Amino acid sequence: MARYARVATLAACLLFACALADGHRWRRQADETAKKDESLEQELCKDKDAGEWFRLVAGEGDNCRDVIQCTASGIQAIRCPAGLFFDIEKQTCDWKDAVKNCKLKNKERKIKPLLYTEEPLCQDGFLACGDSTCIERGLFCNGEKDCGDGSDENSCDIDNDPNRAPPCDSSQCVLPDCFCSEDGTVIPGDLPARDVPQMITITFDDAINNNNIELYKEIFNGKRKNPNGCDIKATYFVSHKYTNYSAVQETHRKGHEIAVHSITHNDDERFWSNATVDDWGKEMAGMRVIIEKFSNITDNSVVGVRAPYLRVGGNNQFTMMEEQAFLYDSTITAPLSNPRLCPYTMYFRMPHRCHGNLQSCPTRSHAVWEMVMNELDRREDPSNDEYLPGCAMVDSCSNILTGDQFYNFLNHNFDRHYEQNRAPLGLYFHAAWLKNNPEFLEAFLYWIDEILQSHNDVYFVTMTQVIQWVQNPRTVTEAKNFEPWREKCSVEGNPACWVPHSCKLTSKEVPGETINLQTCLRCPVNYPWLNDPTGDGHY
């Protein structure tokens, strides 16, 4: 029996030793695998920008749906939903037919300038290109490639542009010409929030024509009055094609603001991000020429810009706006925040991050006001619901499905402004969203009437009227007699013409199309376009 016991003990010891050996071998293999994984991860993530998505395998089908991203906690993978491919350049899922870069694994790698080196590479006032060539500092990030390798235009965000605007300096930035604050939430004039009139700006984008004129008449019917007794007002960002300029003329006569939204409304969003100063001038200053001529607007009141698709054009857009004497932009979106942001001038650095996918925000100092678009909170139950990304345009808040939901949405977002710093509340629309959803329109009109009846400190005003208040802050009591808010208070009389000229026109710039232009003025020779905004044929 003793012999069997010794054999059993020996067998147990051998098994234990084998188990130890297997354990050590498994740990060594695991360690080696971990090292290989870490090495592979380092290789994959080398030279990748923060937050950049890329493919492991290029090609059509599922390969074009799958991308990965390097994060602090390791590799993260996603797959686009069925029917969508991942657009490497746009860094987002898009419809299959719209994605043309399935064969690309990574975004195009751009050569970066040598801005940060242990020893200076250039003399004072000069900076180094990616190939170590020195050029003047002011040539960096000016919209033109001055380095042989183009690197002077490849590192131009707010953190890297060597000519970026300085942080807000309230001792230098003084009303009425300049307004800034460190976080963008300071009330102009340091008024207590309870003394600030709550401004609401309603805006509509795109053409004004027979598809939406009756909708606008229903909303702005002359019966809805601000506390000062004047009609409520809106701002229209007008694009050219299919616009009825006699209707624009009448809208302006009624005291609403007309602003520009481009001539072509170019469908390629990347165009607006990368357009030159000259491109922006033709689109926006040209659109102003068209509006002023064919709507007979002669009071220099067309001073606002909003880019199509809310694609910010960086320094080029704002340089054009300075050169063409535009007063304000309303394209830049601020992420959902509490409290909300007030309008600011672009002399100093933006008080919030550049928000949105692949946006190109301005980095330099510009003599332009920004009517920043505060994102709206689309949660149905803000006290319980999980965080949801905000939305800038009301019609992009995709979870609004019923009139009751829209009514609650309006009340919640109004309260977020009214009960905090009373930053202007922007409600930005495309007319079709209200026209095609009568339940939404009914809820909207009910809400406007309710707000006007229950508050004596809420004003529906234009974008320019907001800036006029920021430049010269007035309390709720003083607002009733604030002269800029009483212009065209309640307009009576007849339109400039009852039956406009219907001009069937063509243009070399729009080949193969005959387009109808309606105006109270005489018909031009050609359909107005980028190189011929007057339509007189002078290219």
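Backbone N, Cα and C atoms are what each Cβ position is placed from, and that goes for glycine too.
Straight from Swiss-Prot, the features:
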type	residues	note
BINDING	Asp206, His261, His265	Zn(2+) binding site
DISULFID	Cys80-Cys93	disulfide bond
DISULFID	Cys122-Cys134	disulfide bond
DISULFID	Cys129-Cys147	disulfide bond
DISULFID	Cys141-Cys156	disulfide bond
DISULFID	Cys168-Cys180	disulfide bond
DISULFID	Cys173-Cys178	disulfide bond
DISULFID	Cys230-Cys489	disulfide bond
DISULFID	Cys354-Cys361	disulfide bond
DISULFID	Cys391-Cys397	disulfide bond
DISULFID	Cys497-Cys520	disulfide bond
DISULFID	Cys503-Cys523	disulfide bond
DOMAIN	42-104	domain 'Chitin-binding type-2'
DOMAIN	121-157	domain 'LDL-receptor class A'
CARBOHYD	Asn244	N-linked glycosylation site
CARBOHYD	Asn296	N-linked glycosylation site
SIGNAL	1-23	signal peptide
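Location within the structure of each feature annotated in Swiss-Prot.
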residue	record	Cβ neighbours (10 Å)
Cys129	disulfide bond	25
Cys168	disulfide bond	23
Asp206	Zn(2+) binding site	23
His265	Zn(2+) binding site	18
Asn296	N-linked glycosylation site	18
Cys361	disulfide bond	23
Cys489	disulfide bond	14
Cys497	disulfide bond	15
Cys520	disulfide bond	19
Cys523	disulfide bond	16
| note | Note: in the chain of Cys147 (disulfide bond), residues six or more apart in sequence with C-beta under 8 angstroms of its C-beta are Pro113, Cys129, Gly130, Asp131, Thr133, Ile135, Glu153
| message | If I take every residue in the domain 'LDL-receptor class A' (121-157) and average their pLDDT values, what number comes out? | response | 93
| Once the DSSP letters are reduced so that anything not helix or strand counts as coil, what is Cys134 (disulfide bond)? | strand
| Where Cys503 (disulfide bond) falls in three-state DSSP terms | strand
| said: Same chain, not part of Asp206, His261, His265: whose C-beta falls within 8 angstroms of the C-beta centre of the Zn(2+) site? Give them in sequence order. | reply: Asp205, Ala207, Phe237, Val238, Ser239, His240, Ser262, Pro308
| note | Three-class DSSP assignment, Cys93 (disulfide bond), comes back as strand
| task | Go through Cys122, Cys156, the listed disulfide-bonded residues, and name the one with the sparsest Cβ surroundings, counting other Cβ atoms within 10 Å. | result | Cys122
| In three-state DSSP terms, the structure that Cys141 (disulfide bond) belongs to | coil
